[in-house]
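Annotated domain 'Gcp-like' per TrEMBL: B:29-278, in sequence order. The annotation divalent metal cation binding site is assigned in TrEMBL to B:His109, B:His113, B:Tyr130, B:Asp272. The substrate binding site annotation in TrEMBL covers B:Tyr130, B:Val131, B:Ser132, B:Gly133, B:Gly134, B:Asp162, B:Gly177, B:Glu181, B:Asn244.
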Amino acid sequence: SLEVPFPSSREAVIALRSLSPDREPRKGGISKQLTVSGSTLSWSADEARILRVSVNSFLDHLSLVLETMEMFGSPVSQ
Amino acid sequence: MPVVIGFEGSANKIGIGIIRDGEVLSNPRRTYITPPGQGFMPSDTARHHRAVILTVLKEALEQAGLKPADIDCVAYTKGPGMGAPLVTVALVARTVAQLWGKPLLGVNHCIGHIEMGRLITKANNPTVLYVSGGNTQVIAYSEQRYRIFGETIDIAVGNCLDRFARVIKISNDPSPGYNIEQMAKKGSHFVELPYTVKGMDVSFSGILSYIEETVFSMLVEITERAMAHCGSQEVLIVGGVGCNLRLQEMMGVMCKERGAKLFATDERFCIDNGAMIAQAGWEMFRSGQVTELEDSWITQRYRTDEVEVTWRD
């Protein structure tokens, strides 16, 4: 699995909710999980092979979300 | 006075526009231009969009003179379009919506074109010809839906022209369709005989005007038939191919014969742009629609008539 630390849990949750909606449902059930624990986002799967195929696009997406956060401000407090 | 920001990136343009009550406050755009003979592939297009989207977003806010706090709703293209570019744009829209604490709204790209065309031209209830690189549809509004009266059964008209441009290596800058139009203007002489070989040289401009005349005549015919069905006296042309002046001219002749009115917009608004998503989003938002984050997935297929039009009588 891949673990990404964030400055706060709020940012980790924003990243989770931005990245989650488009994850493709694969035949034979869910093969990858994206979860947040504290301020850490983790991306995991039962088999490394499954992560390997999609690691490029996952990292592209993650870095775009991080850049967006950096440029467009600290999250507003709820 | 809702202010809506719209994100569009379903094909090779990335645009972000801001609309306040029918007023376009900003609408910057970038186009991914490929070398002659090459079309745009999803992953390369997504890479282009990723590289420029935050700069375009900055421009959109600066040109509008607004801060994120002034925005009421974040609209983005849900589909139809190419998957990878759609995801890129949706990711940024979702992230800023959360950072700024604003509601999100997924917009059908085709509805964006229609609502932008209606806003700019003030056409009231037109028969709509939507022609672009990915879509060819004749649409009329009836009972909370934009109904598709006719459409292409294979490739879109713009795709047909683009592919031809690719085969004979016409430049993609600013767009293949524009360059075909310019070349076709010079080629009217060859309409009767598109197969033109002169010694060792060949002439393609004649074929281009032949292609243009043929495909545009087909579009005028189906539009006229839809008008007759609906008793409509207005035509609105939207989509990237809609800024082709020859198409507008041919449609104008048909409209004149029927005593109907033709509405069209220029390349700022008929080519994909962010303001059109903001405008459709503005109408949807005012009628009470929002998209929850978990429902904000993008979709490559999304028909115009799947959307319930909650903002028209």
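From the backbone N, Cα and C atoms, a Cβ is placed for every residue, glycine too.
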Among the binding-site residues B:His109, B:His113, which residue has the largest number of other Cβ atoms within 10 Å of its own Cβ?
B:His113
For a quick check of understanding: among the binding-site residues B:Gly134, B:Gly177, which residue's Cβ has the most other Cβ atoms within 10 Å?
B:Gly177
Select the closest residue to B:His113 (divalent metal cation binding site) from the following binding-site residues, measuring between CA atoms: B:Ser132, B:Gly134, B:Gly177.
B:Ser132
B:Tyr130 (divalent metal cation binding site): secondary structure state under DSSP, collapsed to three categories:
strand
Within the same chain, and leaving aside B:His109, B:His113, B:Tyr130, B:Asp272, name every residue whose CB is within 8 angstroms of the centroid of the CB atoms belonging to the recorded divalent metal cation site, in sequence order.
B:Cys110, B:Gly112, B:Ile114, B:Ser132, B:Asn135, B:Val238, B:Gly239, B:Gly240, B:Met276
Length of the line joining the Cα atoms of B:Gly134 (substrate binding site) and B:Asp272 (divalent metal cation binding site), in Å:
11
If I take the Cα of B:Asp272 (divalent metal cation binding site) as reference, which of the binding-site residues B:Ser132, B:Gly177, B:Asn244 has the closest Cα?
B:Ser132
Roughly how wide, in whole Å, is the group B:Tyr130, B:Val131, B:Ser132, B:Gly133, B:Gly134, B:Asp162, B:Gly177, B:Glu181, B:Asn244 that binds substrate, by largest Cα to Cα distance?
18
Secondary structure at B:Asn244 (substrate binding site), reduced by DSSP to three states:
coil
In DSSP terms, helix, strand or coil for B:Asp272 (divalent metal cation binding site)?
coil
Rounded Cα separation (Å) that holds between B:His109 (divalent metal cation binding site) and B:Asn244 (substrate binding site):
20
